[in-house]
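The structure under discussion appears below in the form of structure tokens.
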Amino acid sequence: MASRQWCEGHSTPVLCVGASGGPEGLLASGSEEGEVTVWNQEGAVLASLRLPSGDDVTSAVFSPVTPGLLYVSHGEMVSVLDPRSLKGAVEELQGAGEEEINSLALNEMGSALAVADDSGAVRVLELPGGKVNRTLRRHTNIVSSVAFRPLRPNNLVSAGLDMQVMLWNLQKTRPLWTLNLQEVAEEEEDHQQKAGQLFNPPLAHCVSVATCGNVLACAAENGRVHLMRVGSGSRLDQQGSIKAHSQGASQAHFLSFLPHPYWLATGGNDGMVALWDLSQNPVVTVEDKGKPQAVPAHRRRPKASAKAKLQSQAKPKSLQAKEEEEVEEGSSADQSPGTEEALKSGPKLRFSHGDKVNWVCPTLLRGEPSLVVADQSPNLSVYSLAGL
């Protein structure tokens, strides 16, 4: 699939991309060694800045209510920048993380910033000012991703390398529920495993929430994207998964600008990018089939905890080729045990980006639905979704 290249914004590999929802439609990207670049919708560099710390920029998020605020994480700090005048930090939130920060999320009101870091803690900072309002400690390893639930500014989802996904009410210090992806994966392996097949652990890399606020997606190291539906009382009503990638799935982001909220973009260490229509997935459509059975939240700790940030584990070429062939043939719609129905088809769109995917950012560029993809290079690739 053809892409447009956005170049000359970075000298090091891009690690994260964020898109503004404001009328200016700015994009921001962060890379290794502290580089931040702001782009317009045509892919022209408006400004670049190298942060004094020189630490890798791991997350970049625009304020949903204040066009002049961009939050970027680097090391244990969060810098508040003005994307319209990128001359230096407007404010520094020192010690926002206890250790290196991996992910930032803002609630819809722009009044709370969630910070996930290597210590396993999630801190929630009041805005403006950056005062730590709450520290959430239930993960037993690195927290890799956080996301607020739309329409519910006090609800937060976190995911980490302890293979846990947790839903929090910020008025409490315990999660409302915890889903153990390792237990889910073990059930799937018992159900589906073939002789000689190998599996990566389901380390959770990226979590996203659909605009309806009730459907979650989590990209995991085993190549699956785990889906969860939150029901009344914020309980976990249903869960399942799709086999999305032949190696670790590093990215999963819902799109907010297509006809329904259940379009999901994924990217992986296999260099593939995919777009899924989940509107017919049993996890999403469960409300249409009568009262759903609650899925018990798994609370047992994983048998083996990852002690460092793990990269994609090597697989035999024959296995990798076989998995890629299965995905191409549409077997990517495998469901977890207990779900009788499978998706009617695989991804609506699937293409080889050609390099390990660091970030996928869905956005509208000049009114055209697009995916901005960052990889191991200093450039960004832009793919059009026109015609969907």
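Placement of Cβ uses the backbone N, Cα and C atoms for every residue, glycine included.
Annotated repeat 'WD' per TrEMBL: 7-40 (among others), in sequence order. Residues 46-62, 64, 67, 70, 72, 74, 81, 83-84, 86, 358-359, 361-365, 372, 374-380 of the same chain lie 6 or more positions beyond the ends of the repeat 'WD' (7-40) yet place their CB under 8 Å from a CB of it.
Look at TrEMBL and you will find 136-178 (among others) tagged as repeat 'WD'. DSSP places the residues of the repeat 'WD' (136-178) in helix, strand and coil in these numbers: 0 helix, 26 strand, 17 coil.
The repeat 'WD' annotation in TrEMBL covers 255-286 (among others).
Positions annotated as region 'Disordered' by TrEMBL: 288-349.
Taken from TrEMBL, the feature compositional bias 'Basic residues' covers 297-306.
Positions annotated as compositional bias 'Low complexity' by TrEMBL: 307-318.
Across the repeat 'WD' (255-286), DSSP helix (H, G, I), strand (E, B) and coil residues number 4 helix, 12 strand, 16 coil. Averaged across the repeat 'WD' (255-286), pLDDT for the predicted model comes to 95.
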